[in-house]
Amino acid sequence: IQLFLGISCRFIAKPCAINLGIQDSGPHRAQPNAILEKVFTSITKSPDGKRLEGLSKQLDWDVRKIQRWFRQRRNQDKPTTLTKFCESMWRFTFYLSIFFYGIRFLWTAPWFWDTRQCWYNYPFQPLTSRLYYYYILELAFYWSLMFSQFTDIKRKDFLIMFVHHLATIGLITFSYMNNMVRVGTLVLCLHDASDFLLEAAKLANYAKYQRLCDAFFMLFGVVFIVTRLGIYPFWILNTTLFESWELIGPYPSWWLFNGLLVTLQVLHIIWSYLIIRTASKALVRGKVSKDDRSDVESSSEEEDVTSNSTKGIFSTSSNGSNRLNGHVAGGQWTGE
């Protein structure tokens with residue numbers, strides 16, 4: 001996964017970004033100051049009012065100037081637009097490729113058309129090489145998201161994404177170990193159906209194609225809600241909760257497996273609410289402009305009050321995750 005990331009970023013995504021006019025320039029850097037740098041690195045990155053007053057007296061600086069310095073210092077460690085574009089492109093490529101691989105594979109699979117086939121002759125079902133590679137690629141990808149989350153910028157939906165990654169990795173591993181790979185492929189393909197659209201919206205935003213960005217986001221929202229609130233519970237949960245119980249009975253791992261699937265459904269409901277809220281704001285403002293997950297901050301004095309109302313839609317973290325995976329929340333866009 002990491003090798004694929006490096007190659008795609010260097011030879012594909014970066015040239016595309018440069019051709020689109022995306023520059024590798026970061027936010028304005030804070031002026032060097034040993035005292036503030038020491039506070040920033042060893043005490044706090046966001047000093048409270050009392051500490052700001054103390055620093056103001058010590059440096060003979062205005063409090064707002066010190067606040068601006070800390071904002072600039074926090075922002076200068078964040079990835080550039082070029083970096084975010086490259087990472088969104090490789091995620092877009094992966095999601096799109098794995099989705100079409102899954103569709104092509106499942107189109108000829110009998111359990112794709114009749115979910116009861118997931119449980120016939122269970123657990124004595126053959127594991128083909130195509131199915132094996134499908135599972136391993138998905139598992140490797142989600143493990144990479146799990147590890148990168150801890151080195152990434154901490155976002156407001158960190159806990160939700162952490163639970164999502166744990167549940168996903170747990171489901172993939174558990175279903176593989178218990179040979180529940182047939183229903184597992186249905187879950188994987190269904191979740192991949194909307195993710196590449198979100199990454200496409202981010203790419204359009206970084207390239208400053210606002211209308212294209214809005215169109216991709218609206219399409220993403222529709223596909224996400226249809227697949228996660230419609231198809232998932234009535235197709236996936238129906239077969240794992242009821243058809244499996246009817247055909248093979250309450251097997252020992254039934255409770256854990258379905259508990260993880262229901263946990264995912266709870267996350268789907270939360271994200272769908274946030275997507276609908278973002279889309280509603282977009283209709284009022286005339287464009288998609290916010291997502292609650294971002295931590296990107298204002299770098300100018302005037303933006304203290306209005307920083308969340310003047311920025312663009314996607315401010316992804318260094319690994320682009322949102323990762324819904326990564327999806328939406330309610331300040332600005334990120335991913336995941």
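For all residues, glycine too, the Cβ spot is worked out from N, Cα and C.
As written in TrEMBL, here are the features:
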{"type": "DNA_BIND", "residues": "38-81", "note": "DNA-binding region"}
{"type": "COMPBIAS", "residues": "310-324", "note": "compositional bias 'Polar residues'"}
{"type": "DOMAIN", "residues": "36-80", "note": "domain 'Homeobox'"}
{"type": "DOMAIN", "residues": "83-284", "note": "domain 'TLC'"}
{"type": "REGION", "residues": "292-336", "note": "region 'Disordered'"}
{"type": "TRANSMEM", "residues": "92-112", "note": "transmembrane segment"}
{"type": "TRANSMEM", "residues": "132-151", "note": "transmembrane segment"}
{"type": "TRANSMEM", "residues": "158-177", "note": "transmembrane segment"}
{"type": "TRANSMEM", "residues": "216-235", "note": "transmembrane segment"}
{"type": "TRANSMEM", "residues": "255-276", "note": "transmembrane segment"}
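Outside the transmembrane segment (216-235) by six or more residues, the chain places 115, 186, 190-191, 193-194, 197-198, 200-201, 204, 264-265, 268-269, 271-272, 275-276, 278-279, 282, 288, 313, 327 with a CB less than 8 A from a CB of the stretch. Secondary structure counts, DSSP: the DNA-binding region (38-81) has 30 helix, 0 strand, 14 coil.
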